[in-house]
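Heads up: the structure comes next, in structure tokens.
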Amino acid sequence: MKKDRLVAYGRSVGTYFAASLIPMLLMALVNPLIALNMSPEDYAVYGYYNSFTALITPVIVFYMLHYYTKRYYEVSEAERLQLRAMLFKALIFFSFAVSVLCLVLLAAYIRIFNSDSEFPTFPYLALMVFAVPLSGIYKLEQTEYRMSRNSGGFFRLTVAAGVILTVTNLVFVVIAKWGAAGKLLAPLVANLLVFIYLVVRHRGLFAVRCSFSDFRKVLTFCLPLAAGAALGYFFNGYDRTYLEGVGDVTEYGYYIVGAQIAGYLTVLSTAVTSTFQPDIYEAIAKNDRRALWRSCIMQIGLIAVTVAVFIIFCPLIIKLLTAGRYVDSTIYARIVSVSVVTSAIYYVINNYTIAKGYPRIYLYTTIIGSAATVAAYPPVVGQFGFVGGAVMVGMSFVMLAAVNLAFLAIASFVRRHGRTGRHDK
């Protein structure tokens, strides 16, 4: 890699890191105040309902951002604008309609299958659900900045959204003292404010004509991805839902705190991914294997180093972030943090699979991985309790990566065999 290329990478990584790091640091600064105003029971309620986010987000957003990412380098600038306008409108109207359906289905699920839960359903469930569709066009804007390599625009938007989220947390949790309800209300209000700003800013996109046939292509491509991503709930959220049934609400609250603090690493992981994702997709489109391997290794390496540093200083970090109130969460934070590395490896493989045009492999992988994960939780948690649940978070991504690679190997074999057969004829 040439020196100027390395310098460009360094600047880009620095900008994306700063964009993710500043909001994270702001939340870290106010986290002691939040911890002082939330009991373990509040964290338990918040963690339980927030766990469903991983289940409904792919259904509501419908993986449309991945379609935009895949098509970005394959279409002209005019076609790209039309595609963006179509997705912009779909992420508003389609997503809000689906979110209402999700609310009804989740409420029915909790009432029928988890009627003995100690947590009330409303308003917590509604606050969690409706925060999701409000974030759709914000994520589209971030994707546009990443793919166009406009790190400055990404920085300004992400930091502004982070500041708003920090303020809403202070208002509803620390000042109003609304506990779990305030913690769930904060992202909804923050997302709403950003949503209004982006709708006003890009109101011209509503005038761009789009055909339903084009949107049908998006739905056809994204359906297996959305279904597979919804099954991803079993790798990123199911632990919190399942562990609620253990019955120890206080220890469950400590687990939620540990998992939440380890989740800060996901912010940094996303920043690294944001930097390398355009290069990975471009390398795949150009069939440049050397550039692809280089980008993947650098991405995973940076994430692994970050996680290692976190594990070493984890006790001090948790003591500072919780005002010394939730130090017992350290063991869970350390174990869950490993999943940031295993998930990064899996998502690199997953993105490669999607970019190569195998969306169904993603669906098959998550079906098999989900079944294996659900089957593994009872014996592991039964033997090791909350620690076992934390271990399963990381191991589930290892299983996913193995299954995905196996399917890619099969697809590659079938493709080569087909070509050989045609050549022999």
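Backbone N, Cα and C atoms are what each Cβ position is placed from, and that goes for glycine too.
TrEMBL has this to say about the protein:
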type	residues	note
TRANSMEM	12-34	transmembrane segment
TRANSMEM	46-65	transmembrane segment
TRANSMEM	86-110	transmembrane segment
TRANSMEM	122-141	transmembrane segment
TRANSMEM	153-178	transmembrane segment
TRANSMEM	184-206	transmembrane segment
TRANSMEM	218-235	transmembrane segment
TRANSMEM	255-276	transmembrane segment
TRANSMEM	297-318	transmembrane segment
TRANSMEM	330-349	transmembrane segment
TRANSMEM	361-380	transmembrane segment
TRANSMEM	386-414	transmembrane segment
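Under 8 Å from some Cβ of the transmembrane segment (122-141) lie the Cβ atoms of residues 45-46, 49-50, 52-53, 56-57, 60-61, 64-65, 68, 84, 87-88, 91-92, 95-96, 98-99, 102-103, 106-107, 110, 157, 161, 180-181, 184-185, 187-188, 191-192, 194-195, 198-199, 202, all in the same chain and six or more residues away from its ends. Non-local neighbours of the transmembrane segment (86-110) in the same chain are 52, 56, 59-62, 64-65, 67-68, 117, 121-122, 125-126, 129-130, 132-133, 136-137, 140, 199, 202, 205-206, 208, 210, 214-215, 218; each lies 6+ residues outside the stretch with a CB under 8 Å from one of its CB atoms. Scored on C-beta pairs under 8 angstroms, the neighbour of the transmembrane segment (153-178) with the top count among 12-34, 218-235, 255-276 is 12-34. Between the transmembrane segment (255-276) and the stretches 12-34, 46-65, 184-206, 330-349, 386-414, Cβ pairs under 8 Å are most numerous for 330-349.
Contact between the transmembrane segment (386-414) and the transmembrane segment (330-349) is supported by 3 or more Cβ pairs under 8 Å, counting only residues 6 or more apart in sequence. The largest share of C-beta pairs under 8 angstroms with the transmembrane segment (218-235) comes from 46-65, of the ranges 12-34, 46-65, 184-206, 297-318. Counting only same-chain residues 6+ beyond the ends of the transmembrane segment (330-349), those with a CB under 8 A from a CB of the stretch are 235-236, 254-255, 257-259, 261-263, 265-266, 269, 272-273, 280, 296, 299-300, 303-304, 306-307, 310-311, 314-315, 317-318, 386-387, 390-391, 393-398, 400-401, 404-405, 408. Among the stretches 12-34, 184-206, 361-380, the one making the largest number of Cβ pairs under 8 Å with the transmembrane segment (46-65) is 184-206.
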